[in-house]
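Asker: So that we are looking at the same thing, I have put the structure below in structure tokens.
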Amino acid sequence: MFSKSHKFYLRCMNAIAVRYSSSTVDAGEIKHHNQFAKEWWDKKNGPMKALHAMNDLRIQFIRTGLMNVNKISETDCEKANYLKDFKILDVGCGGGILSVPLARLGGDVIGLDASSELIEIANNHLTTNFKPDIKLKFVNTTIEEHSATHKETYDVLILSEVIEHISLKELFLQHCIDTLKPGGSVFITTLNRTNLAWFTAIFCVENILNIVPRGTHEWTKLITPDELKNYLKTTGCKVLQINGMLYIPFRNVWCWIPQKTVCFAAHAVKRT
């Protein structure tokens, strides 16, 4: 039987999937559950501990990617605020697990999510833990709504652990890329659609280890690296890097691996 925090997480993921699976806004109401904020930000034992652990790799991947396209230098990376000059959009930000460290590194960050519950959790964490001068704002809306008024606004676009919950992937990506400046970078992490990914990330992680609630991921919504490449090419981007990722649940750590058969991270640049 799932804990209350796991049930809450699953409801939020379902709400996100519904709202992001079409170009129209979901008319249904999403209830507020602030009592789960503590679990969401529990890095060691909460239902989101794997996402917290992924931050080391995600931030490293973003930093290296920006260096590879000459947006920052090694000298810049020695500074505590090396993302100072970057406007960043984190789509599907959830409770702000990745948005927060990006802002702490100096980024001017917008965290976007379709779930009002998650945005409230993110805002509560922000107001109780950070000074007002941090450049971080959480917005409860869809990418369709946001892209309509923010064309070519951002230097960096983050789509981390979100595209595998989307049905209309090409449409979703097009709206996302519309917000990116020409020459801007998009960073994506997701699950591959392979038998090994199903066995490890869905069957074992959801049904045996109960690290995330059962039903969080749907096999048919997963995406292969080649499919992602094609979608990005169609939306006007060039893929520069795809790395394999591995989660070690008993240590709660992530590492890079040559194989992309389970999880992978992609970096692409919008053509000028």
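Count begins at 1; order follows the chain as displayed.
Using N, Cα and C of the backbone, Cβ positions are placed for all residues, glycine too.
Small disclaimer: the values here were computed from a predicted structure and weren't measured.
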Asker: Would you identify which residue of Gly46, Gly92, Gly106, Gly183 TrEMBL lists as part of the S-adenosyl-L-methionine site it also attributes to Arg58, Asp113, Ser160?
Answerer: Gly92
Asker: Per DSSP, Asp113 (S-adenosyl-L-methionine binding site) is which: helix, strand or coil?
Answerer: strand
Asker: Just to verify a number: CA distance, His165 (Mg(2+) binding site) to Gly92 (S-adenosyl-L-methionine binding site), in angstrom, no decimals.
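Answerer: Rounded to a whole number, the Cα-Cα distance is 10 Å.
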